[in-house]
Structures are given as C-alpha cells and as structure tokens.
Amino acid sequence: MVQPFPDDFKPVLETDFQIFLFENHFKTVFPEIFCLFASVLLLIYGVLYARIHQANADTLRRKMKIFPPIMVNHVSLLVILAFLLTLILMFNNPIMHATIFYNTLVCDDLIFFCKILIICSALLSVCISLDYVRKQALNAFEYIILLLLATCSMLFLISSADMISMYLAIELQSLCFYVLAAFKRNSEFSTEAGLKYFVLGAFSSGVLLFGCSLIYGFTGITNFSELTKIFSCTGENQHFTGALIGMIFVAVGFLFKITAVPFHTWAPDVYEGSPTSVTAFFAITPKIAILGLFVRLFESSFYDLNTEAAFSLQLGTTQGVSTTFNKLLSMEFTSTLPWQKIFLFCSIASMIVGALGAMNQKKIKRLLAYSSIGHVGYFLIGLCCGTVEGIQALLINLIIYLVMTINIFAIILSPVRRDFVHSVQRIKYISDLSVLFKTNPILAITLAVNFFSMAGLPPLAGFWGKYYLLFSAFSCELYLVAIVGGLATVLSCVYYIRLVHISYFEKIQNRLIFERVPKINGWILAITFFFILFLFVSPGATRRSTSITRSLLQRIEIRDHITDRHA
C-alpha cells in the first residue's frame, strides 16, 4: 500500500542548479572570438563613418582632383590595436590545454606556439605596409579588416581537430585572400592575380574536400584523434586503400596553398600582380598555419596509414643511371611511409625549381616568389623526417624565415624616388637596387646581410635554420633530400649574391633614391637585422629554442613511437 508523503517532507534533490554549456570552451577560444568580433565591429565602424569622409572626398575630387583615403588611417591603427590585444589575451588565457566543442577544436603548447607566430607575422605585415597603403591610394578600409579576418581564420585553422572545422577555416582564409589579391582594382595585373588565385584556389579546395569525403566514406570518422586510433590499430589493410587516396588528395590540396612544386604555378603571377603589402602577407603568415596543421595531421593522424598497395615503387636499373644513385633512390623511397613519399618528392622538386626559377627573374617580387617556393622545400624536409628533431628544425626555421621575410619586405615597401618621376614609387625590378650602397649605405648593408642569410651563409641566422633541417634529414637516413638541399643552397647563392652585386657595383640605369624610411619600418628593420646578424653570438640561444620546442612537442605527445621506428 502506497503511503502518502508527510507534510514536512522535502525532496533531497534541489533544482536550483544551472548548467553552463560550453562555458570553458568559449573561454579557451576567447582570443579568436575577440579577433572575430573586432573585425565585425571595425567593419560597422567603417561603414557608418565613411559616409562623412566620402562627402568630403567627393568635394576634393571635384575641385582639386585629390583622392584622400577613406578611413584607412583610423582603421589601420585600430587593427594594430586589435592584434596587440589578441596577443595579450593569448598569453593570459587561463586554459592552455583543452579539447573543446565536441573534439572540433584543440588547444595545446604547439598550437599556442604557432598562434603566437601567426599573430606576430600578421601584426608586422600590417605595420610595414602602413606607408604603402597610404601612398598607393588603396582607399578602402576593408583592406586592413580583411587581413584581420584572414588572421582570425588561420587561428581557427591551426586549432582544428576535425576535418569539418578544418575545411571551414581554410575556406574563410581563402575567400579573404581572393579579395586581397585583386584589391587594387585599377590595376590589370592585380585583377588577373585575383582571378587566377580564385580559379586555382577553388580547384584546390575541391580537391581537399574530395579527399576529406573519401576518408569519411571509408572510415566514417572526421576527427583527427579518432583517425589516429583507427590507423594505428589496423596496420597494413587493403580496406583503407580508399582512405590512403583521400589522404593524397588532402595533401595535394594543402600543398597548393603553400606553393609547393608541382602546385606552384600560380605563385609568381599572384605575388607579382597583388599589391606588395598583400604579397608580404601571402609570403609569411599562411605558411605558418598550414605547416602547423601538417604537423598535427600527418605526424599523428595519418602517420600509421599504410596499405600493401601504397606506392609500390619499383626502382630498376636504368641505362645512364649509376648503381650507387639507384641504391640511394631505392633506400630513400622504399623505407618511408606513403605520406612521406609525397613530401619527399615535393621537397626535392621545390628546392630545385625554386633555385633554378629565381635565376632568370628580373622583377623582385617574382624572384621572392621562387625564393619562397625554395624555402617551402626546406620546410618539407622537417615533415619528411617524421621525428621530433625534424619538427624542431621546422619550427626554428619558420621563425628565422619570418624574420628574414619581414626584413626584405620592409625595405621593398619603403618609398623611393626616381630622378625623372616626381611621384613616389616602389621597387619593381632588381635593377632598381643598382648602386644602393652609394645612395643609402645603411639599407644596402641591411639588404646584403639579409640576402646572405637567406642564401644560408654562415654564421648568419639563415644558416642555422638550414643546418638543423639538413642535420635532421641525415639523422633519419634521408640522404638524397639532404644532398639536394645542400646543392640547392649553393644554387640559391648565385641569385642572392647577384642581388648584392647589383646593389653595390651595378652601373646606374635609372637613378633611384630611397626617401626617408618610415619610423615603424626603421624599427622593424633594426630589430630583424640585429636578430639575423647576431644570432650566432649566443649559440646557446638556438639550443634553448631547440629544447623549448622539444618540450612543446613532447607535452602534446605527437607520437611516442616515432623515434623508436627510426632508431
């Protein structure tokens, strides 16, 4: 018989609690959320207040034919402030290690390290281009906001732990890049660059999406950590041949984004046609995000993906090829994993094409495009190794590459003046550097030191980056890629030293004089020059950075058995 509750009965379970769904998740990505909201608020600010400036601009345009910038100065300073605040929020984030939003995003030390590099590179890219944006009449405040939005997308890309979030982030980044490449609407070259980038970028995005769909179709999973568990437990399995093909398509889609050979053909045209400030941004920031994602994706998720049908490379003895070289090829490619074979080929091809392609260039931005392609080949060496030492070398070389590229573009973006032209112009041809030592010796010395560093001459910073990468390749018995890397370094010295020869000893063709370098460009040049020149003074600094990188990689446990397999 059911007894009724007494009058003084009180239930034990109270209902005065609250559930805060995703409370800590939003705290983890608060810097990214701030960056995204800053982009939206600055866009609203520009739209509302640009009308007043537009009315004043119309008056000046009718009377004096002057085209004043529309909100560019204000928005540029606010974007720099947004970058600085995002950097502060990143350092003061209380949650540094978490897997959030149902395994969609992840945060750890490696991702934190790459995010800091992304924000610093974007901030420096904006700072060195302020004078260029004002004097080249890029009179649209949306330009700087697109840089901020693209940086925000890269922060989400590097944090992606799922293929869906990865694809959404890479598409947001690509959409911003398409507009930035064609932003100089009165230039046919810029329009052509934007159209080429859009068509080929859409194709690469389709290839990437097709690869993701193949992986999902054969595994039923899109999460990176779950893919790691599946592939590490199956070993050689014919059922995952489709997933292997999907992995190839994913790699091809991303290799296009970082201008690796043979997916590099768009880079020289886009770098040349885009505004120089956009070229500086393209050359630095996207590579950090995609290479950081490569480390997580291929050194963890796809590391154990292997099938019996995977790249069965049959290397027979051919006429005209020595037996020693044939054995070297066989040892190089038969002892590696499928994804390593892709990166080995792209690394070797990128270093060769980058070194040979830059020799015949007459325009400075096309030369730097091929130089960037060559550096991508060196970056891929660190991924080819599949070891912690290789990833250490990759991250250290990324820092050095960032500093060197910022230094060279800070010079290129500085205003110059020709004797026969009164308007302020920029460096376009390599012949514009002729007799720079006589007109501006300080810039000439800075340029020479930077080019020597990019060529890999000791004891400058660029030498240490290539030294670590080639040493890690030798330690993994990747002798072919290490030898090609050394030869490509020798070839790159040809065109880098040629630029130094032009700036010091070339005869004057069109006299070009640098105007006063903007203060912010001067400070950036001084800091980067000091880093490039005096890194060798304290060899312990490189060792400490190596140990820091090692601790970052070991804490996230990329793969505990990577070194065991190569031992």
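Here, residue 1 is simply the first one shown, and the rest follow in order.
Positions of Cβ are set from backbone N, Cα and C atoms, glycine also.
TrEMBL assigns the feature transmembrane segment to residues 238-256, out of the candidate ranges 162-180, 238-256. With a cut-off of 8 Å on Cβ pairs spaced 6 or more residues apart, the transmembrane segment (71-90) and the transmembrane segment (140-158) reach 3 or more such pairs and are scored as touching. Counting Cβ pairs closer than 8 Å and at least 6 residues apart in sequence, the transmembrane segment (435-458) and the transmembrane segment (520-541) reach three or more and so form a contact. The highest tally of CB pairs under 8 A with the transmembrane segment (277-298), across 110-133, 140-158, 238-256, 367-388, 520-541, is held by 110-133.
Counting Cβ pairs closer than 8 Å and at least 6 residues apart in sequence, the transmembrane segment (367-388) and the transmembrane segment (110-133) reach fewer than three and form no contact. Nonlocal intrachain contacts for the transmembrane segment (140-158), taken as residues 6+ away from its ends with a CB within less than 8 angstroms of a stretch CB, comprise 31-32, 35-36, 38-39, 42-43, 46, 50, 70-72, 74-76, 79, 82-83, 105, 111, 114-115, 118-119, 122, 125-126, 133, 165-166, 168-170, 172-173, 176-177, 179-180, 183, 281, 285-286, 288-290, 292-293.
Using a Cβ-Cβ cut-off under 8 Å and counting only residues 6 or more beyond its ends in the same chain, the transmembrane segment (520-541) has close neighbours at 124, 127-128, 130-131, 400, 403-404, 406-407, 410-411, 413-414, 443, 446, 449-450, 453, 458-462, 464.
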